[in-house]
Amino acid sequence: MTAPHTIRRPPPAGIATPRLMIPGPCQSRPDVLAAFQRPVTAHYGPSWARTHEEALTLLRQVLGAPWVYLLPGSGSLAIEAAVVNTFRPGQLVVIPRTGYFGRRLIEVARAHGLKVRDLAVEPDRAVDPRHVADLLPGADGVILVHVETSTGIRHPVADIAEVARQAGAAVVVDAVSSIAGEELDVQGWGVDAVAASTQKGLGCPPGLGIVALSEHGHARTLDDHPRPWYLDLTRWDREREESFDWEPHPVTMPTNLVFALIASLSTMVDRGLGEWRQERARVAEHCRERLTERGFTLVGAPADRAALVVVARCGRPADVRLHVLREAGIAIAGGLDPVRDAIRIGLMGQNGTIEMVDECTAALGTNRWPPTEASLL
């Protein structure tokens, strides 16, 4: 039996590090990388406290949220933090089974002692808020994916939050694959908690989880029930209040990641968030047009397709592992359950451009899998 850490298949000879067009992580722009590569700064002191607050201020604008937290770790860590600060063990939540990551939300909820009513969702359809409403009587909340990376479908968070509010239920959203690509207004939509991360739409290296709360969502954190030490946001609040001008967080912060995040967010805010999202949508639509011309079948209805990841069926299973288009030196991803017969193209960071889409789709050729110039890593 092969040891888990053994590389069973080395990269093909002659292929340099591929340019990433996978659904995260992405390749950062040069200005973001320059900020990331600056000399390491201590995670405390007045200057650092101002830097940390600058990052939070920018995130509040992007997310429409009054309360924002940066947690060293992955988007999955942020999801767990959002869940355990919004719900108590034993409570009942509705979770749409939107795909691979919707199923993961069910696992996370059960791991933290929640009871789950899962809602089956066809992989090529967005969640119907009416179906959520049907399952809400007696439930304490809803946990859902905004953009399901396995299908490329965007789900109607604002509409689902509305039916949840009417039922007195809390709402937690996994926005890992939607942040900075889709409209998201935490306070305005009445969402309690949102979880995200840095390595997709924000165009940064991986390593920071993001949790955003509305005022109502923050009030729920004050409910005194046991939470893991690291994930307890009331602890983070206390540190921010007691050491706001020195070390406004209870753990060591990866300072260089925060500098990179500020560089990326500043560009988005300076350009205008609406214009930024419109550009993401234009690139995604261009990608879909090119794939359709080449015989691929897009997943989902046009109104439900996401801006940061495009999923297209290719007629037979496409291994989830990395596929390098040999001639172009571009990496894309294969399919995830429940859409295994697909390719997935990420439109994030430096490579989320019209020019890169044209190069990638030209290298794909017509609908055949794997293309003759593709190598599986």
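Cβ coordinates come from backbone N, Cα and C, glycine included.
Predicted automatically and left uncurated, TrEMBL annotations should be read as such.
Sequence annotations record features per position, and here TrEMBL assigns region 'Disordered' to 1-21.
Taken from TrEMBL, the feature domain 'Aminotransferase class V' applies to 43-337.
Taking the Cβ of K200 (N6-(pyridoxal phosphate)lysine) as reference, residues of its chain lying under 8 Å away and at least six apart in sequence are, in sequence order, P23, G24, P25, C26, V176, S177, I179, G181, L308, G346, M348. Sequence annotations record features per position, and here TrEMBL assigns N6-(pyridoxal phosphate)lysine to K200.
Per TrEMBL, the feature substrate binding site maps to R344. Under the DSSP three-state reduction, R344 (substrate binding site) is assigned to strand. The Cβ neighbour count for R344 (substrate binding site), using a 10 Å radius over every protein chain in view, is 25.
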